[in-house]
Amino acid sequence: MQILLANPRGFCAGVDRAISIVERALEMYGAPIYVRHEVVHNRYVVNSLRERGAIFIEEIDEVPDGSILIFSAHGVSQAVRAEAKARALTMLFDATCPLVTKVHMEVARASRKGTEAILIGHAGHPEVEGTMGQYNNPQGGMYLVEQPGDVQNLQVKDEDNLCFMTQTTLSVDDTSDVIDALRARFPKIVGPRKDDICYATTNRQEAVRTLARDADVVLVVGSKNSSNSNRLAELAQRAGKLARLIDSAEDIQEAWVKGVSCVGVTAGASAPDILVQQVIQRLNELGGVDAVELIGREENIIFEVPKELRVEVKQLD
C-alpha cells in the first residue's frame with residue numbers, strides 16, 4: 001500500500017503565530033494564561049496547551065482581574081474587545097490571524113461608510129461571529145449567507161450600495177458559486193480587492209485535489225470543529241474518494257485501508273505535523289510502504305508575534 005502526502009499540509013502562518021503567542025506568554029508570565037475560545041481548532045494542540053497552564057474560556061467574565069488574556073486566532077467582535085479592555089487585566093494579547101484581521105478591516109470600513117456588507121461564511125463559527133461584530137452602523141446593515149439559495153431570500157436596504165467579504169477558511173469552489181449568485185442578484189455589489197479566502201486554505205484545497213487523483217482513500221488529519229479541515233474532506237469526497245476526517249492515528253479503522261493500493265494523507269491548517277507522522281506510522285503497521293511527498297506550492301509566510309512577547313512587557317492601556 002502506497003502512502004502519498006499532500007503538499008502543503010498542516011500548520012499555516014496564522015496558526016503557528018497563535019500557538020507561539022500562548023506558548024511565549026506561558027514562558028514569560030507563567031500559568032495560568034487565559035485564552036478566549038480554543039486558540040486554534042485542534043484537540044491535540046488545545047490539550048497540550050491546557051496541560052502547560054492555558055485556561056480556555058468563552059466569556060470574558062470568566063477571567064479573574066489581574067489575569068493575562070489572549071484572543072484566539074479566529075478573532076473577536078468589537079464588543080468582546082471593548083469588554084476585555086474595560087477589565088482590570090494585566091495584559092491582553094491578540095492572536096487573531098492577520099488575514100482574519102484584513103477581513104475585519106474591510107467590514108469596519110464598510111460600517112464607517114454606511115455600505116451594507118454581506119459576509120459569506122458558516123453561521124456559528126467564531127471567525128464569522130467576530131467578523132460580523134465589526135459592523136456597528138445602524139444606518140447600514142450586515143448580513144450572512146452560506147449558500148446560493150440564501151442570496152435569493154436576502155433583503156437589503158440599498159442594492160446599489162453593497163459589498164461582500166468571506167470567511168477565510170471556506171471551500172474555494174462553493175464560495176465562487178455564492179459570489180456568482182451575489183453578482184447576479186446585485187450587479188453593483190463590490191468585492192474585496194484581494195480574495196478573502198486565505199492562501200493556506202487555497203493551497204491545501206489545491207493539494208488535496210492533486211492527492212485525490214491517485215489516492216483511493218484520503219485521510220484528513222484535523223478536528224471536527226476545524227472549518228478548513230472539513231472542507232478538505234469534502235473536496236476528497238467530491239472527487240469520488242473515501243475520505244475520513246481524523247483527530248489522530250487512533251481513529252484509523254483497518255477496514256478503511258484493507259485491500260487499498262494507495263492512501264493519501266493531508267492535514268488541516270491547525271493540525272501539527274506530529275499527528276501526521278503518527279498516522280504514517282499507523283499506516284505502515286497496516287501494510288503501508290514509505291510515504292511519498294507530493295510536489296506542491298511552497299509556503300514561506302511568517303507572521304510575527306506581538307513585540308511585547310519578543311522584547312518587553314507593556315501594560316494594557
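Note that the numbers count up from 1, one per residue, in the order the chain is shown.
In case you wondered, yes, glycine gets a Cβ from its N, Cα and C as well.
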Swiss-Prot records H41, H125, T168, S226, S227, N228, S270 as (2E)-4-hydroxy-3-methylbut-2-enyl diphosphate-binding residues. Which of H74, H104 is assigned to the same site?
-> H74
One of the binding-site residues C12, H74, C97, T168, C198 has its Cα closest to the Cα of E127 (active site, proton donor), namely H74
Here the 10 Å Cβ neighbour count for C12 ([4Fe-4S] cluster binding site) comes out at 28
List the Cα distance (Å, whole number) between S227 ((2E)-4-hydroxy-3-methylbut-2-enyl diphosphate binding site) and C198 ([4Fe-4S] cluster binding site).
-> 13
What DSSP gives for N228 ((2E)-4-hydroxy-3-methylbut-2-enyl diphosphate binding site), in three states, is helix
C97 ([4Fe-4S] cluster binding site) and H125 ((2E)-4-hydroxy-3-methylbut-2-enyl diphosphate binding site), distance between Cα atoms, whole Å | 15
Would you measure the largest Cα separation among H41, H74, H125, S226, S227, N228, S270 for the isopentenyl diphosphate site and round it to whole Å?
-> 15
The most crowded of the binding-site residues T168, S226, S227, N228, S270, judged by neighbouring Cβ atoms within 10 Å of its own Cβ, is S270
